[in-house]
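Participant: Let me give you the structure first, and then I'll get to my questions.
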Amino acid sequence: MVMSPSAGVAPRHTPHTMNHELLRAAATGDMALLEQVLGLRIDDTGGIGKLEADAQQEMSRRCLKGVTSEGNTALHTAAGRGYMELVRAMCVVDASLVRTRNNLRNTPLICAARAGHVDVVCYLIERAGLEAASVVVSSSDEGSMLRARNSEGATAMHEAIRNGHGAVLEKLMLADCGLAAVVDGKGFSPLYLAAALGRADMVDVLIGGPALDHGVKSPAYYAGPDGQTALHAAVLPTLAKKVDNYGNTALHHAASAGKVGAVKLFLQGDSSLAYIPDVDGLFPVHTAAKMGKIDVIELLMEACPNSDELLDNRGRNVLHCAIEHKKEKVVHHMCKNPRFGRMMNARDGAGNTPLHLAAKHGCDRMAMLLMQDARVANLSVMNNDGATPLDVAINELDHGYTYPMNPEVLIAQCLVWCGAHRSPRRRDEDLNKRTGVRGSDRELSKYDNLTQNRAIGSVLIATVTFAAPFTMPGTSTAERPAFWAFILSNALAFMCSTVATCLLMYAGLTTVHPRYRSRYHVWSSNLLHVGVLLVIATFAFGVHLTLSPPGTAGIPVAVGNLNAAVCAMACVSVVFAHPGTTWWPVVLARPIWARLGLKGLLGVLLGPRPIPCQKLLLSRTPWLNLFKMLATLLILALILATFLWDMAYLQRAATRHGSPSTLMEVQCQLYTFPT
């Protein structure tokens with residue numbers, strides 16, 4: 001990292017001011033040339049003495065102050081190359097050289113520690129001690145020679161550890177154990193670096209050092225980046241690839257739990273962990289898909305771009321696993337992401353595409369997402385058993401009494417309407433699987449449950465509608481259309497619920513043949529559906545009659561708004577009362593639109609396809625749903641027509657009492673209470 005000059009760091013390149021001969025001497029270790037350049041001599045005992053006068057010595061010092069374009073002095077060069085004699089000679093001439101820094105803020109000690117020259121490091125440590133004695137500096141200050149840091153925040157100890165020089169580390173620990181608690185610019189402590197490099201010998205040296213802060217080591221002593229400690233660095237490289245008895249690595253567990261931070265840590269340390277499968281062949285990306293962890297899937301896909309090619313022992317990719325475990329958000333994410341395109345038509349070991357699996361497991365929303373995706377080219381591809389997705393969906397149907405909004409029914413309906421086909425095989429093979437469904441114990445218990453639930457509703461409707469005529473709303477309303485509609489809808493609701501109750505009584509008898517019990521349930525279901533809608537209409541008409549009885553005293557016009565609100569709520573209630581009848585075309589519209597467009601959608605809804613589809617899927621005559629839809633539309637029309645007709649009637653009645661000049665006066669006369 002290069003810091004700007006404003007931050008106290010010299011530019012990356014500076015003017016070259018070093019004597020060329022001095023540079024050659026420092027780079028080659030030529031002591032004779034150094035003596036010649038500086039005017040030095042070495043006596044017989046190895047001591048360095050003056051060869052010239054003090055003026056010459058001052059010139060030598062100025063010469064040693066010269067730097068290269070990288071900011072290195074001759075001492076930096078000699079220390080980095082391990083030329084002990086030259087280092088000693090230069091320090092004798094100018095002791096302040098030990099404090100000089102190059103453009104990257106490296107001191108000669110950092111250069112020597114990085115290169116691993118133990119003797120030079122020891123000498124510079126000694127010179128640093130002498131220098132510190134002459135300049136009063138705190139041991140923890142940036143000015144301390146031993147704790148000096150370069151532009152990356154690294155000390156001599158960091159550089160020694162990074163380059164694997166254990167002997168240098170030992171000397172530095174002996175000189176200043178506080179270096180072990182100094183972190184670099186990225187937050188790495190020396191102990192963290194040693195653990196990350198797997199250097200047990202260095203870890204022993206650092207751990208065996210004297211304690212700090214009154215016997216307790218500082219947290220910086222074992223600190224790492226992003227809140228990690230040296231333990232993380234020591235454990236990850238050695239344990240990350242360890243597997244349990246089921247072949248799971250730590251990355252499998254992190255992906256399964258959705259621990260995004262842990263997954264990032266593992267992948268940063270070793271991205272190959274993403275390619276280690278468990279005993280079932282499941283890779284970490286599979287486990288993330290099974291648990292619906294979209295963020296983890298994205299991390300694994302970024303670290304390993306070919307994760308979409310990873311298959312388990314059953315030949316399943318990530319999308320297969322997500323569908324099999326019903327993770328709709330994962331499937332939705334993949335359908336919207338272009339890089340997952342190859343998975344859309346991929347087949348597993350049994351030849352099943354994602355659409356086969358969605359049909360098999362009853363995942364209606366996922367199946368429709370796949371059908372909407374243009375990358376799913378063929379809706380009728382066969383698996384190894386020769387079954388298409390439509391075959392699979394039909395085989396999963398409950399061929400007894402069923403609900404038309406059940407997922408398996410919707411999937412089969414949508415496939416048929418989108419143009420999917422069945423495989424060219426004998427239909428009696430599927431017929432054999434359905435034999436005995438109607439008389440099975442499961443089907444009979446279903447009838448018992450239906451009888452109990454529907455009987456409660458039918459009796460409740462019969463009770464309410466029986467009492468309604470004896471508590472008539474309003475007075476003198478016999479001529480009003482709303483009154484006629486109230487009586488008619490109430491009577492029809494009572495009749496439908498009463499007949500449904502009788503049918504349910506027979507449907508609940510075990511002595512009745514299952515075929516007839518099934519029929520009675522079908523008929524009672526339709527009658528109850530109509531009865532519920534008629535009760536809604538009856539309530540709306542009763543409220544309307546109560547709010548607007550005939551009279552002469554005017555009331556606020558807001559009553560008209562209340563009537564309109566009641567009408568609207570009644571219409572909405574009629575539409576939502578039976579979603580299986582009114583809403584299944586809306587549910588299927590999106591995939592049909594995506595496949596066939598507007599023309600195809602209109603053709604499906606208005607053409608001949610719905611009736612064959614109903615015959616194929618519901619094992620009931622197609623008029624059942626059509627009857628419910630027709631009843632819903634008729635009752636909606638009855639509510640709207642009655643409200644409009646009654647309003648017109650009241651307006652005519654109001655005009656007979658007088659001739660109001662404004663619409664406001666008309667409304668005030670229309671909505672009146674008896675005085």
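Heads up, the Cβ atoms here are built off N, Cα and C, so glycines get one too.
All TrEMBL annotations are machine predictions without curation.
Computed from a predicted structure; not experimentally measured.
Found this in TrEMBL, in case it helps:
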{"type": "DOMAIN", "residues": "447-545", "note": "domain 'PGG'"}
{"type": "REPEAT", "residues": "186-207", "note": "repeat 'ANK'"}
{"type": "REPEAT", "residues": "246-278", "note": "repeat 'ANK'"}
{"type": "REPEAT", "residues": "280-302", "note": "repeat 'ANK'"}
{"type": "REPEAT", "residues": "350-372", "note": "repeat 'ANK'"}
{"type": "TRANSMEM", "residues": "455-472", "note": "transmembrane segment"}
{"type": "TRANSMEM", "residues": "484-507", "note": "transmembrane segment"}
{"type": "TRANSMEM", "residues": "527-547", "note": "transmembrane segment"}
{"type": "TRANSMEM", "residues": "559-580", "note": "transmembrane segment"}
{"type": "TRANSMEM", "residues": "623-645", "note": "transmembrane segment"}
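Relative to the rest of the structure, where do these features sit?
Facilitator: Taken through DSSP, the repeat 'ANK' (280-302) splits into 16 helix, 0 strand, 7 coil.
Within the same chain, residues 314-315, 319-320, 323-324, 326, 328, 331-332, 335, 343-344, 379, 381-385, 387, 389-390, 392-393, 396, 406-408, 410-412, 414-415, 418, 587-588, 590-591, 594-595 sit at least 6 positions outside the repeat 'ANK' (350-372) and bring their C-beta atoms closer than 8 Å to a C-beta of that stretch.
Below 8 angstroms of C-beta separation, residues 487, 490-491, 493-494, 496-498, 500-501, 504-505, 508, 524, 527-528, 531-532, 535, 538, 542 of the same chain, each at least six residues beyond the ends of the transmembrane segment (455-472), sit close to that stretch.
Proximity of distant same-chain residues to the transmembrane segment (484-507), defined by a Cβ-Cβ separation under 8 Å and at least 6 residues beyond the stretch ends, is recorded for 447, 450-451, 454-455, 458-459, 461-462, 465-466, 468-469, 473, 516-517, 520-521, 523-524, 527-528, 530-531, 534-535, 537-538, 541-542, 545, 635, 638, 642, 646.
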Participant: May I ask for the residues of the chain that lie six or more residues beyond the repeat 'ANK' (280-302) and have a Cβ under 8 Å from a Cβ within it?
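Facilitator: Cβ under 8 Å, 6 or more out: 246-247, 249, 251-252, 254-260, 263-264, 267, 273-274, 308, 310-314, 316, 318-319, 321-322, 324-325, 327, 329-330, 333, 339.
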Participant: What are the helix, strand and coil residue counts for the repeat 'ANK' (350-372) according to DSSP?
Facilitator: 16 helix, 0 strand, 7 coil
Participant: If you run through the repeat 'ANK' (186-207) with DSSP, how many residues end up as helix, strand and coil?
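Facilitator: DSSP composition of the repeat 'ANK' (186-207): 15 helix, 0 strand, 7 coil.
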Participant: With helix taken as DSSP H, G or I, strand as E or B and everything else coil, how many residues of the repeat 'ANK' (246-278) land in each class?
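Facilitator: DSSP classes over the repeat 'ANK' (246-278) add up to 23 helix, 0 strand, 10 coil.
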